[in-house]
Amino acid sequence: MWLAVNIGNSRQHWGWFTGTKLVRTLDFPLTHWDAQAPDAAEQIVVASVTTTHLERWRTLPHARILNLADVPLSGTYPTLGIDRALNLIAAADAYGCPALVTDFGTAITLSAVDEFGRFCGGAILPGLGTQLRALEHFTAALPAVDLPEPWPPLLARTTQAAIQSGVVRVTLAGLAQFLESWKRQYPGGISVATGGDSERVHRWLPDLFDVQDTHLTLWGICVAARGAD
């Protein structure tokens, strides 16, 4: 059994694989460390959007740190986040091309491959939770607000609900327009949602994306590791 580790901006995600079969996952804050878990894995493959949290992994002799050059994706640029590249090779492997992956994390990233599996660009904007925290941090009177569980009302009658409506409805309306434009440019392409907020977005708008795949990045690590063997 081997361990895939996806380190994001605020959380880390672990997936235990037997060969290419994902058998168990864990998700927790970056500050948490399960000292027993790495010892139970025959091999560890780590991908991180930042170098800050890699030091402890580098001390493990059976751990391999993935770089962008290890990801079999053409057309990339040097500062492309490895998570975006891994998402794309995972989507291409699991669902085919063209593909557009929207990753709902601290940032919302949209990344696309064409019909030949080549990276062809994308977009980045603040994540839903990041937008909510920014309003609290950068204004004098707006309160801290969590993401709503039900779909927020269009015309809210409280400040909290108005913030939720603005962040959620307007952000997802913009994403829907982006997806529509991409579908016109790439007819027959598949859109995939992943990331921490993707399950909630799927509950709100189940038809917005063709596929919701919580563990897409972990599968991308598996594809990259498989290609390197």
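Even glycines carry a Cβ here, placed using N, Cα and C.
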* Asked: Pick from Thr79, Thr102, Thr106, Thr109: which one does Swiss-Prot list with Asn6, Ile7, Gly8, Asn9, Ser10, Arg11, Gln12, His13 for the same ATP site?
  -> Thr106
* Measuring CB to CB from Gly8 (ATP binding site), give everything in the same chain under 8 Å that is also at least six residues away in sequence. => Leu30, Val49, Asp83, Gly105, Thr106
* Structure fact -> In whole Å, the longest Cα-Cα distance within the recorded ATP binders Asn6, Ile7, Gly8, Asn9, Ser10, Arg11, Gln12, His13, Thr106 is 14
* **ATP site shell beyond Asn6, Ile7, Gly8, Asn9, Ser10, Arg11, Gln12, His13, Thr106, criterion: Cβ within 8 Å of Cβ centroid** => Leu30, Val49, Gly105
* Identify, in sequence order, the residues in the chain of Arg84 (substrate binding site) that are 6 or more apart from it along the sequence and have a CB within less than 8 Å of its CB; answer 'none' if there are none. => Val101, Asp103, Thr109, Ser111, Gly122
* To do: Using all protein chains in view, find how many other C-beta atoms are within 10 Å of the C-beta of Thr106 (ATP binding site).
  => 20
* Asked: If one measures from the C-alpha of Ser10 (ATP binding site) to the C-alpha of Gly81 (substrate binding site), what distance in angstrom results, rounded to a whole number?
  -> 15
